[in-house]
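Here is what TrEMBL says about this protein:
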TRANSMEM  B:30-53  transmembrane segment
DOMAIN    B:80-294  domain 'ABC transmembrane type-1'
TRANSMEM  B:88-110  transmembrane segment
TRANSMEM  B:131-154  transmembrane segment
TRANSMEM  B:166-192  transmembrane segment
TRANSMEM  B:213-235  transmembrane segment
TRANSMEM  B:241-261  transmembrane segment
TRANSMEM  B:273-295  transmembrane segment
Amino acid sequence: MSETFLSIQGVRKAFGQTTVVKDFNLEVARGEFVSFLGPSGCGKTTMLRMVAGFEEPTAGRIMIGGKDVTNLKPNQRNIGMVFQAYALFPNLTVSQNIGFGLKVAGASKAEITDRVKEMLSIIKLEGFGDRYPYQLSGGQQQRVALARALAPKPKILLLDEPLSALDAKVRISLREEIRAIQKKLDITTIFVTHDQEEALSMSDRIVVMYDGKAEQVGTPFEIYNRPSTKFVANFVGTLNVLDGTVVDPATATVRINDRDISLKKGQLNGAKAGDVLSLALRPEAIVLGKQDGRDTNLGGQISDVSFLGSVIRVRVGLGKNAVSLDTFNSPASPPPVVGERTEISFSSDDLLVLH
Amino acid sequence: MTDATFSDPAAARQSVPPARAGGLRLPLQWLGVAPFFIFALMFLIFPTFYLVVGAFQNDQGEFTLANIASLLQPSILAAYWISIRVSLASAVLGALAGLAISIAIVRGGLPRWVRSATMTFSGVASNFAGVPLAFAFLATLGRLGLVTVLLRTWFDINIYGLGFNILSFAGLTLTYLFFQIPLMVVIITPAIDGLKKEWGEAAATLGATQVQFWRMVVIPVLWPSFLGTVILLFANAFGAIATAYALTGSSLNIVPILLYAQIRGDVLHNPHLGYALAFGMIFITGLANVFYIWFRTRSERWLK
Amino acid sequence: MKPSRFWAWLTFALGAAYFFIPLIATFEFSLRMRRGEYSFDAYRVVFGDVRFQETFAYSTIIACFTIVIGVLLVVPTAYWIRLRMPQIRPVVEFITLLPLIIPAIVIVFGYIRMYGSNSPLPFLATTRGTDVLLMIGYATLALPYMYRAVDTGLRTIDVRTLTEAAQVHGAGWTTIIVRIILPNVLIAVLSGAFLTFAIVIGEFTMASLLNRPAFGPYLQNIGANRAYEPAALAVISFAITWGCMSVIQVLARFAPKSANNPN
């Protein structure tokens with residue numbers, strides 16, 4: 001990883017008695033796209049607003065490009081920010097909105113015109129310069145907001161749930177567009193979202209936040225496949241949790257229902273025989289019926305079948321445990337039937353012990 | 001008649017789909033709003049129109065501009081002038097004070113109860129006009145009013161000695177502010193609410209100072225509603241008579257009081273001059289209204 | 001943060017002083033009737049005055065009829081425009097705003113000239129007729145407020161869907177308006193009604209020029225001839241206005257909330 005550009009060191013934020021951000025540490029490299037992912041109230045927006053300068057940290061410091069900005073006002077930090085509700089100035093045209101940052105900085109008219117033109121072409125809204133915000137769709141407004149934030153060439157781009165107010169279709173296309181522009185301009189970006197799909201698809205790294213703390217920091221691949229806590233595993237993706245009793249710590253053997261299963265070594269973390277563990281298993285790691293290459297199978301009964309189009313989600317009861325799994329829809333074979341006895345198989349390597 | 005038509009369920013069901021109800025049923029549609037239009041014509045538009053026409057006629061019913069020309073006599077001009085001054089002063093001062101209070105309660109970081117108390121009180125005070133308002137200010141700033149007396153006994157300041165008089169331009173303006181300021185608060189607070197917090201934050205991240213943000217965004221956004229409300233306040237004060245009449249009797253020569261005296265006793269000795277006087281009032285408030293509509297549409301051009 | 005809050009408090013305090021000092025002064029003045037001590041004598045005199053009782057009762061009755069006229073005029077019109085004729089909406093809104101622009105004194109002047117005893121519609125020939133004309137005049141004055149209140153009320157309910165649902169069940173127009181629409185905008189109508197009452201109860205210009213024994217001219221008359229009673233009457237009037245506005249506020253809490261505007 002290249003040099004650190006944004007550094008958040010031991011930041012804490014309390015409003016009166018409630019602490020909303022607890023000891024937050026993060027190093028972001030130049031040009032990196034980092035998402036803060038978490039449920040509402042987890043402190044992700046407060047953390048972002050401290051980077052922007054709207055909130056003052058109770059403790060800790062924030063450095064941008066090696067400079068301590070903790071006590072700087074927002075308008076001295078040279079950052080670009082995009083808000084959930086667009087926040088375009090209604091009395092200014094698209095061009096005037098984009099040129100706002102340059103104008104307040106005292107740039108020349110020619111300079112502003114050139115830059116606005118360039119930004120309009122980047123967001124593919126050439127010819128919309130003279131419109132007013134209310135004449136644009138939500139997606140267009142958000143692209144203008146992005147251009148406005150980027151026009152003064154900020155050091156850091158902050159995106160506060162910029163897609164949540166948009167329709168599903170627009171959301172996905174804008175997601176790709178934002179990522180493409182970010183890569184093209186190579187700008188360090190913090191993206192706040194509660195939507196795991198957005199975070200997984202756009203980010204270089206994700207910070208999963210819960211209750212004011214960073215639960216896990218990692219690439220989308222790591223976060224999804226190797227969640228380090230129960231919260232992360234539950235919040236990111238759909239997850240099955242099975243109860244397993246430790247049989248023999250030495251061989252990492254646990255018992256699920258009536259079957260002894262050997263886990264990958266080093267996962268038990270000092271659990272003793274008789275301890276009950278939560279074992280996570282992604283739906284896509286399970287198949288219906290017996291299959292070669294998967295060492296474990298359990299018997300159960302189908303309790304629910306939902307047809308989702310290309311896939312069929314099946315819920316299988318396994319004694320006191322239950323799992324969901326996905327099978328591909330195939331016109332040739334009839335879908336599973338509720339009440340049917342069945343068997344599921346998976347690879348014991350995919351079982352993940354949650355702490 | 002109209003009621004009978006509408007209460008017939010069969011007819012109602014026939015006209016169910018609004019799309020189909022279009023062209024053919026047009027006359028029937030209009031029956032629904034006919035009472036309103038008849039009322040408006042009979043009791044609002046025709047009476048006004050009658051006076052306007054009368055203003056341009058002589059006793060023989062011939063067209064003339066003589067009545068309008070007679071408005072230019074010094075005593076009538078003076079009445080219009082003081083009316084315009086009082087209305088304008090109370091509208092502008094009321095609007096500025098109302099705006100300041102509105103910004104303070106919406107943006108000033110004051111506790112919630114301050115806002116709700118202010119809004120409730122404004123609703124009351126904006127409707128507390130007319131005769132009782134005059135009584136209140138006489139009891140406050142009249143020669144024996146509480147404030148007048150306290151200023152004299154506590155601070156040895158005799159405001160009447162300093163040229164103040166409740167029965168004057170200043171006194172009337174001060175009194176009108178009692179309903180003008182709250183009216184401004186009631187009307188402008190939604191507009192201040194419409195200023196999104198994110199605009200200020202966006203401007204800050206773009207490097208703008210508070211002053212730049214106000215100059216480039218807040219003032220341009222508020223300007224149409226502000227000016228529109230000033231004009232409404234102007235019309236509000238311009239037509240008011242009860243407060244002034246109860247406060248000053250007929251000693252303060254403002255247009256509504258002059259017109260009142262003319263209606264009661266033809267003090268101008270020319271009925272058609274009375275019409276012209278009324279026409280002048282409508283003309284001035286109407287002119288103000290044209291501006292109001294113009295600014296409203298401008299305001300709406302930005303805000304959806 | 002700190003300095004802005006200071007200025008906000010200062011602005012609020014100055015405003016509060018401007019508005020409360022006259023109210024306090026008026027109240028204090030109204031207690032001074034008996035020499036050397038505070039008493040409610042002025043109020044006793046006012047409430048005991050037959051003319052007070054008569055004029056107040058007269059104005060209350062006029063206000064009630066005014067409200068009825070206003071409701072009958074505004075509710076069907078606003079409803080019909082929402083349902084069928086949205087295209088003439090700007091025209092109707094403009095007309096309802098006219099009374100804010102045309103001063104009351106001009107309107108009543110027009111009435112006196114148009115509806116005198118020698119005219120084809122001699123409202124002013126009889127006392128009853130004059131009363132009716134006064135109610136009509138008041139309904140005109142209250143039109144902007146009544147229309148706004150009802151129209152806002154109608155906006156929060158989906159007029160078209162409600163109407164069509166009622167029609168599917170075979171309801172006629174009278175049933176629809178009386179049983180479906182009115183209850184749903186009742187809060188809005190009541191708000192308009194109380195506002196109308198607040199405006200009408202002490203109105204001076206129209207009542208005085210039509211020579212009717214209303215509360216407004218009575219107030220003016222007392223003001224010209226008495227010292228302490230006017231202050232007491234001002235306090236009473238303020239209390240009445242306050243009462244009307246409080247009722248409106250309480251009513252607003254029961255109003256149906258619109259889906260797109262939850263606040």
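A Cβ is built for glycine as well, from the same backbone N, Cα and C atoms used for every other residue.
Packing against the transmembrane segment (B:273-295) from elsewhere in the chain are residues 48, 51-52, 54-55, 57, 67-68, 70-71, 76, 80, 84, 224-225, 227-228, 231-232, 234-235, 238-239, 255-256, 258-259, 262-263, 266: each is 6 or more residues past its ends and has a CB under 8 Å from a CB in it. If you look at the transmembrane segment (B:166-192) against the transmembrane segment (B:88-110), you find at least three C-beta pairs under 8 angstroms, all six or more positions apart, and that counts as contact.
Here the transmembrane segment (B:88-110) has long-range neighbours at 118-119, 169, 172-173, 176-177, 180-185, 188-189, 192-193, 195, 222, 226, 229-231, 233-234, 236-237, meaning same-chain residues at least 6 beyond its ends whose C-beta is under 8 angstroms from one of its own. Counting same-chain residues at least six beyond the ends of the transmembrane segment (B:131-154), those with a Cβ under 8 angstroms from any Cβ of the stretch are 160, 164, 166, 171, 174-175, 178-179, 242-247. Beyond its flanks by at least six residues, the transmembrane segment (B:213-235) meets 87-88, 90-92, 94-95, 98-99, 180, 183-184, 187-188, 191-192, 194-195, 199-200, 203-204, 285, 288-289, 291-292, 295-296, 298-299, 302-303 of its own chain at Cβ-Cβ distances under 8 Å. Counting residues 6+ beyond its ends, the transmembrane segment (B:241-261) has Cβ neighbours under 8 Å at 75-76, 78-80, 82-83, 86, 129-131, 133-135, 137-138, 166-169, 171-172, 175-176, 267, 274, 277-278, 280-281 in the same chain.
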